[in-house]
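Feature list (source: TrEMBL):
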| type | residues | note |
| --- | --- | --- |
| TRANSMEM | B:6-25 | transmembrane segment |
| TRANSMEM | B:45-64 | transmembrane segment |
| TRANSMEM | B:70-88 | transmembrane segment |
| TRANSMEM | B:116-135 | transmembrane segment |
| TRANSMEM | B:163-180 | transmembrane segment |
| TRANSMEM | B:248-266 | transmembrane segment |
| TRANSMEM | B:286-310 | transmembrane segment |
| TRANSMEM | B:330-362 | transmembrane segment |
| TRANSMEM | B:383-405 | transmembrane segment |
| TRANSMEM | B:411-436 | transmembrane segment |
| TRANSMEM | B:443-464 | transmembrane segment |
| TRANSMEM | B:502-522 | transmembrane segment |
| DOMAIN | B:680-896 | domain 'Histidine kinase' |
């Protein structure tokens, strides 16, 4: 019998990560819509619409920051590998690399 | 008081500072201390080359003329950065896995390493970027001129042309020094990137400082700005501050496209990228940078418009406002900001262009003019470096020439968007190449040429105005008076802004031609391979790998080796290798020695070419050449054939082995049977022999004195001899039957008669045991054609068995005869206890007796003989369970001479 406190295994982490990836893909779409909205209002640009564009922009940046925090964890694995990249090493590599 | 000498001095100091920063960064990079240099922060700041002097100064002017629209130039890149997960990530991954050196290299590499495409993209980039470099020179000279005008009493007006010349020369020097110091296979320039990052900070700080001064220093805070804005809007010409949908969307898209395709942006975004962490941070940090850069643009424009004297150039408000209010320090900072914007753009753009020009134009030409093979190339590195330096010089010279020829007029100011639209022509080929495997070289070439031509016709050439390549009449009425071909109203579309119009037609036709030709053409193998590698780059590479030898790659190698060698073996092997290196754990250092051993180890399993290709892919991100793949395919083919052969052989061997083991089992069983048989025989023979010997000894030793006893003893000896004889008869019978040497004498007889004979033969036992036999004689009239003597023998055996072993008080035996489809069935059912279930399978074996009925005189061979006989007669004898007592069923074909002959023949053949 499963103990009632033991949560069902659902691969929560990878599931969450995939949903965050989904969100990261959808965010630019949200941005496009947000930046199209000022066009729906006619007339001269006033301070209100100005404030709207800038706040929408800022919200977009904040959301992107939150998402990048999560997404960056996955791609941060190669951090230590960058330590050992050496231009001196690669300098000696074949000339063809530069010719391509 | 700010003098010209101070200005030049500060400028000079600033440049020296940049040199120092670049120098130190390069030195650190050479000593492999790149942790700081590859930090996401530096990467993000280096992206700011997007903000050139055109955006630093020009944004304010743009805002002063058309309000909020300037922000589109920043919104496009913001959207691209925020959508990094599905476009930039792929682009950067491709850039690293293919070791792309420039955007021309990317496109040429994607379409089968076609140099034609490389040249095309390079040309577009040069044509699009040269005016832009001229624009930067103009902005620097203009900013000098501002100081000159304001301080004209103090110092002589410097020659603008000369200023531009010195700026261009200085920039060329810096770029050559730090942009071509070494030939890094990754084309990364740590010194330059770090200097750019410093410049990014300078321009941001400068603009923010001016903005804060303007808003809170002279503008009266946000409320003051808001009211000033209302006034400005009222004073502005009708519609200037209204949003035009076409331009808003078109320019946002244009800036997004240009952000990806501008050579300098590609350089910092893709080529200088080291890992994806940089991209993750830049995805929000760079939009934030753009946000801050544009935050104060409108306030500065509004305040400038309301406070500055009319006729002042709004493009220079950033500089003239502080000067107007006598803030020399702020003006100095602002000047440095503009200077930074211009220099960083020119440096990166010229590096990117020089890479493209030298790799795709100069080197191919140089190589083709050289006689002989690769061995005679000499020091290609030195030649390549020289080519780079010459290209940088040439590009800056072109920019300067463009500036001096165009005269730095207002035409130049419009060049920003025009340049964007030019380089955006690469976007279809690039995006198509990344996401569509069907995109082909022919399509890309045709699309690029189409787009570039339309861009030149509708936007670039008309931008020079009447004086340029197009006359006023041609602009107004089209070439040769064909209205449909009017450059700024192609096919009668005249409702659009010129830039949007050109962008629309060039990109639409570019895409259309690109897709159409791609659909119709058939790419080469190399192209298809590259297409697969580009499009599927995210599928098989997982999180980005470092290109260096490191623990990460050792782990990758282990993962790969596990897939090939099997987990346990691979782990053990890696552990052993790590121990050889004096390390704990499963991850040895990836020394060349270790790699070589691993490759050999793997090549034993998957073939040399495959092992090499796989290791190379993990270690270097090195691309697999077509030759590699062909070798792999060839080896795989051979291995497949060998495997098939081996499998066939193995199957044969398994079959033979199984047959052998079956035979062996049979032989073993036969041997066991033989042993059992022999021991049984000796036992059966010994028992009567013992009593014969014993009683004959009694007779010999005078036991015959008493004639009565002697007679009894002699009778026992006689009985035992009879039993022995019968046993030997039975054995002989069985042996004859089993060996198939029996001679059958078939004849025609009715079952009834056979049964009569059998009962008659057993009448003594029947009478002795007092058994009643029930028969239905009317059923027994079935004629048989078989050896009825043998059949009678079977019947006798069964009847006497029933008489002997039936344990009922009133012994009864029922004999039922019937015919079922050509076969005769005779059942013998008694009323005894029957045979226990576990013994039913045993009773037909030799010497099997259910109980020790020695007295009955049987040796346990009777039923075995019956079975053999029935076998020979083509029938069978079975035990019939579920009857009232013991029941045996004899089945045999009714038969006719021909079938019997066949059966007999088969029996002989059995030998």
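Glycine is no exception: its Cβ is also placed from the backbone N, Cα and C atoms.
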Practice problem: Could you tell me what the rest of the chain brings near the transmembrane segment (B:330-362), counting residues at least six beyond its ends with Cβ under 8 Å? | Solution: 2, 7, 10-11, 14, 18, 48-49, 51-53, 55-57, 101-105, 108, 115, 118-119, 121-122, 125-126, 129, 132-133, 136-137, 139-140, 143, 147, 167-168, 171-172, 174-175, 178-180, 187, 189, 192, 195-196, 199-200, 202-207, 209-210, 213, 262-264, 266-268, 271, 318-319, 322-323, 384, 387-392, 394-396, 399
Quiz item: Mind checking which residues reach the transmembrane segment (B:248-266)? Cβ under 8 Å, same chain, six or more beyond either end.
Solution: 47, 49-50, 69, 72-77, 79-80, 87-88, 91, 102-103, 106, 125, 129, 345, 348-349, 352-353, 356, 417, 419-421, 423-427, 430, 497, 499-500, 503-504, 507
Quiz item: For the domain 'Histidine kinase' (B:680-896), what's the model's average pLDDT?
Solution: 82
Practice problem: State the non-local partners of the transmembrane segment (B:45-64) in its own chain: residues 6+ outside its ends, Cβ under 8 Å from one of its Cβ atoms. | Solution: 70, 73, 77, 132, 135-136, 139-140, 142-143, 193, 196-197, 199-201, 203-204, 207, 259, 262, 264-265, 268-269, 272, 282, 286, 289-290, 293-294, 297-298, 300-301, 304-305, 313-319, 337-339, 341-342, 344-345, 348-349, 413, 416
Exercise. Considering only the recorded stretches B:70-88, B:116-135, B:163-180, B:383-405, B:411-436, state which has the highest number of Cβ pairs under 8 Å to the transmembrane segment (B:286-310).
Key: B:70-88
Quiz prompt | Dominant neighbour of the transmembrane segment (B:383-405) in B:6-25, B:116-135, B:163-180, B:411-436, B:443-464, by Cβ pairs under 8 Å | solution = B:163-180
Quiz item: Would you call the transmembrane segment (B:411-436) and the transmembrane segment (B:163-180) in contact, using three or more Cβ pairs under 8 Å, pairs 6 or more apart in sequence?
Solution: no
Self-check item: Residues from the same chain, set at least six apart from the ends of the transmembrane segment (B:163-180), whose C-beta lies under 8 A from its own
Solution: 15, 18-19, 22-23, 26, 137-138, 140-141, 144, 189, 191-192, 195, 342-343, 346-347, 350-351, 354, 385, 388-389, 392-393, 396-397, 399-400, 403-404, 408
